[in-house]
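Q: There's a structure below that I have some questions on.
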């Protein structure tokens with residue numbers, strides 16, 4: 001047969017194995033912010049304006065307004081929800097134009113700017129910017145990938161007086177729970193070099209929490225983020241808020257490669273992150289990133305937790321915290 005079947009899916013997992021084995025899988029990454037803006041300017045705005053019977057003289061949407069829609073009203077790899085928000089905006093403007101015509105008023109040229117978006121579409125649905133407002137002790141910024149694209153997440157670690165228990169909250173999957181166990185074992189292993197009393201772990205419970213508890217989270221790529229947050233909490237040394245990271249960690253502190261690097265890096269870039277730590281084995285994937293992202297982000301490939309901590313920890317320790325000794329392999 002000369003017929004070619006083209007199928008699309010957001011996730012591969014639901015596709016039955018025998019069917020997937022007969023397919024050639026082509027993965028298409030999400031759009032960058034600049035690409036979404038270009039699609040909106042060149043196609044979506046014109047399409048929705050014409051569909052709702054409006055002219056360029058009746059409705060103008062500024063670039064700043066489009067950026068606000070992209071950043072604070074949608075969270076997706078594509079532009080489907082962006083088009084829906086534009087359609088909603090156009091409907092409301094069309095109603096105003098129609099009402100003015102019924103009253104015999106002169107048609108108005110509606111210029112929708114950034115400040116007008118809330119008036120038309122209500123409060124922002126998503127936050128935009130750095131995950132943390134200041135360098136925090138026991139809080140590190142990671143990134144994750146999902147079918148809707150990448151996003152940042154904060155991982156919080158809080159030691160409390162106890163008997164060495166590890167408590168995990170935030171609807172974590174089995175793989176992520178195992179990553180937390182590995183992070184704790186690594187911290188125990190390096191306790192002396194970290195300047196931490198070995199009895200610390202027998203006298204404290206470790207509570208690990210990943211906010212947005214209603215959202216399930218899983219995967220090994222938060223390993224170095226968990227470890228960084230844990231060591232920060234133990235030593236009293238804050239984590240730089242402008243640093244995000246991804247990578248699996250072993251019990252010996254080696255950093256292993258991960259998937260979805262493009263989406264995760266784009267998420268860090270959107271959030272205003274300045275430095276992005278990634279596994280050394282993923283360095284070959286950097287060439288696939290948009291040039292603007294490579295220019296704006298300091299991308300640092302690493303192969304060990306020692307390298308991660310030297311970059312991520314801010315250096316200013318809380319009063320009374322143990323002094324960190326230089327880490328050696």
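Cβ from N, Cα, C; glycine included.
From TrEMBL, for reference:
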type	residues	note
ACT_SITE	221	active site
ACT_SITE	264	active site
DOMAIN	134-315	domain 'Lon proteolytic'
Q: Check the domain 'Lon proteolytic' (134-315) for me and report the mean pLDDT.
A: 91
Q: Cβ-Cβ under 8 Å from residue 264 (active site), same chain, 6 or more residues apart: which ones?
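A: When sequence neighbours closer than 6 are ignored, residue 264 (active site) has 143, 144, 145, 150, 221, 246, 258 within Cβ distance under 8 Å.
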Q: Counting across all protein chains shown, how many other Cβ atoms sit within 10 Å of the Cβ of residue 221 (active site)?
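A: The answer is 28 other Cβ atoms.
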Q: How would DSSP class residue 221 (active site) in three states?
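A: In three-state terms, residue 221 (active site) counts as coil.
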